[in-house]
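Per TrEMBL, the features are as follows:
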type	residues	note
ACT_SITE	CYS168	active site, glycyl thioester intermediate
BINDING	19-24, ASP43, 51-54, LYS67, 112-117	ATP binding site
BINDING	CYS153, CYS156, CYS430, CYS433	Zn(2+) binding site
COMPBIAS	560-572	compositional bias 'Polar residues'
DOMAIN	324-367	domain 'Ubiquitin-activating enzyme SCCH'
DOMAIN	440-532	domain 'Ubiquitin/SUMO-activating enzyme ubiquitin-like'
REGION	532-577	region 'Disordered'
REGION	589-629	region 'Disordered'
Amino acid sequence: MASGQHVSAIKGAKVLMVGAGGIGCELLKTLALSGFQDIHIIDMDTIEVSNLNRQFLFRQSHVGLSKAKVARDAVLRFRPQISITPYHANVKDTNFNVDFFKQFSVVLNGLDNLDARRHVNRLCLAADVPLVESGTTGFLGQVTVHIKGQTECYECQPKPAPKTYPVCTITSTPSKFVHCIVWAKDLLFAKLFGDKNQDNDLNVRSNDAATSSDHSEDIFEHRKDEDIQQYANRIYDHVFGHNIQTALSNEETWKNRNRPRPIYVKDVLFDEPIQQNGNVDKSNDHLSSLSAMAYLDLKNPQDIWNLRENSRVFFAALKLFFSKRQKDIGNLTFDKDDPLAVEFVTAAANIRAASFDIPLHSLFEAKGIAGNIVHAVATTNAIIAGLIVIEAIKVLQNETKNCRMTYCLQHPSRKMLLMPVEPFEPNKYCYVCSETPLLLEVNTHRAKLRDLVEKIVTSKLGMSLPLITHGSSLLYEVGDDLEEDMVANYAANLEKVLSELPYAITGGTIITVEDLQQELVCNINIKHREEFDEENEPDGMVLHGWTPAPAAENSKDATDNNGASTSSTSKSAPDVIEDDDDLSILETGIETIPAGGQKRKLSDVSNPEPPVDEKRAKKIPMHPENDDDVIVMLEDGNDDISKTTQ
């Protein structure tokens, strides 16, 4: 039985939940059944069909409705006496500021992306409210506790950046199927169905742009008098034929590589008409009902289509987009839950793979790669939700010395599936909670203020409403209350080279970057540097002190298995990243838990600025992440744990 103090702490608490998805549904249920009386939920998402297999508070009739509101109604049916306040909104909205967070006893996170997690972490620090973080991926999970001044904050350890690929590899020399997926999803799909004015390398694939620009001008425009099939043929021949043929003209590129083969419509379909199953004009217009596979009577998504079948799917999907979703064209972005989009990207990626002699993949496999999917396990979510509540109760009773970071393992380690570890002290080199200055290497005579804002301030530092000052001079600010002349002035500054700003930013300059909503202030020391490696430093600037965890180096390339770890070290496991539907796996440094219950590193963390805290390094792994995070390290020799994530 719970003690009086225990019950009092629970009933008197005001709890904020952020996220009402996989973990969130389990967490809300557990909070309600544990006696919590005042719960607030923030979630911007609506319910999708794919949520129903594990987000048990939702039903088919709820599809399209607010997750936060439906979850509230479902729980109130069996706990009508408690108060649950839902917010169908983005936690980054300005309404959810520091004052809003100050009203809560504890904040419980069940988020699905790094940006929102960092935002909540900073608001909790500013409001001095304890935060309990969590994440799951497949059978793996974690719960961590973050208390200002007592434990490390969520950002004390670096998170790995999402895997990126050099543009030249994607557009010219793909060697893996994931390269073809990125090309089909981020270049071709975006060019055909998204903003046609965007710049990408689909039009010109020659070193001599002038020789091929005439050929490719307006190639993606659907002409008024052009039949859809004619348009599709023209696109097919251009991207799979002409572009490849143009690339072959650069002999230097193919000296040490296998030469690709151009593929044209006439070589694949032999003027064969696409046979359809029924009449497309009579098909259901609903997004989830449009399918090129159904159109062509292809039934098994785990079959690997041959080149001809992929070509037929390509044409059928494109035809369906233009005949049934014409109003969406120009505004579409790839969505892994859009069957037609997945079919188009799979077919296009496979055709490109065939050209470069890369093994073809099934629709099921391609969807996993394109959507960074790791299928969620409801039981893991339930376990993690229970652990969140346990840690929250400890926090509410001021028993912080008893708080633990707990890792849920897939295979027993020392006969344990749950591995508790003591929280760490704040990292004195953390720029978020310790306000340690950062160092930025940049060519101040070439880089613009816009580059600094987009590539560093918003992308890497995760600031939502940034303000940049040099001494007492304000160089840039974002806000709804700015006057027109100020907005115009800041917009003009964005286009200026750093060294040519009204108050020049040069080597040796110290700038201050501040986010008013997050109440975060960060100083950045500027170091001028002339040249950068385009392959390894594509941003043209390098930020130190923020450095993300490195990908595990492996001769076979860690990008196989859709980004899941392919390291030969069998004791490793992937990061944990909870998502409302599926999860994305990020590559990270690898660490293990030795027999003594503390963790030791196997790979070095490439952060040359702050020295490694030896005491901390012996305890636990970094928490790299993109969408959620956690490295769960096992002592046992569990072979290729990452396979379960695909």
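Cβ coordinates come from backbone N, Cα and C, glycine included.
Where the annotation comes from TrEMBL, it is an automatic prediction and has not been curated.
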Top Cα neighbour of CYS430 (Zn(2+) binding site) in the set of recorded positions GLY22, ASP43, ASP115, CYS168: ASP115
ASP115 (ATP binding site) and CYS153 (Zn(2+) binding site), Cα-Cα, nearest whole angstrom: 15
Inter-residue Cα distance where the pair is ASP115 (ATP binding site) and CYS156 (Zn(2+) binding site), in Å: 15
Spatial separation of CYS168 (active site, glycyl thioester intermediate) from ASN53 (ATP binding site) - C-alpha basis, Å: 40
Chain-internal residues near CYS433 (Zn(2+) binding site), provided their CB is under 8 angstroms and they sit 6+ positions away: LEU125, LYS148, GLU152, CYS153, GLU155, CYS156, PRO426, ASN427
Neighbours of CYS153, CYS156, CYS430, CYS433 excl. site residues, C-beta within 8 Å of centre, Zn(2+): LEU125, GLU152, TYR154, GLU155, PRO426, ASN427, VAL432, SER434
C-alpha spacing of CYS168 (active site, glycyl thioester intermediate) relative to ASP43 (ATP binding site), in angstrom: 38
Pairwise CA distance, GLY19 (ATP binding site) versus CYS168 (active site, glycyl thioester intermediate), rounded so that it is a whole Å: 38
Lowest local Cβ density among ASP43, ASP112, ASP115, which the record lists as binding-site residues, within 10 Å: ASP115
Euclidean distance between Cα atoms of CYS168 (active site, glycyl thioester intermediate) and GLY22 (ATP binding site), Å: 38
Integer Å distance between the CA atoms belonging to the residue listed as 'active site, glycyl thioester intermediate' and ASP112 (ATP binding site): 30
Fewest other Cβ within 10 angstroms of its own Cβ, chosen from the recorded positions CYS153, CYS156, CYS168, CYS430: CYS168
Helix, strand and coil residues within the domain 'Ubiquitin/SUMO-activating enzyme ubiquitin-like' (440-532) as assigned by DSSP: 24 helix, 30 strand, 39 coil
Other CB atoms within 10 A, centred on GLY19 (ATP binding site): 32
Among GLY22, ASN53, the most crowded of the binding-site residues [Cβ within 10 Å]: GLY22
Confidence summary for the domain 'Ubiquitin/SUMO-activating enzyme ubiquitin-like' (440-532), mean pLDDT rounded: 91
Nearest-integer angstrom distance between the alpha carbons (Cα) of ASP115 (ATP binding site) and CYS168 (active site, glycyl thioester intermediate): 28
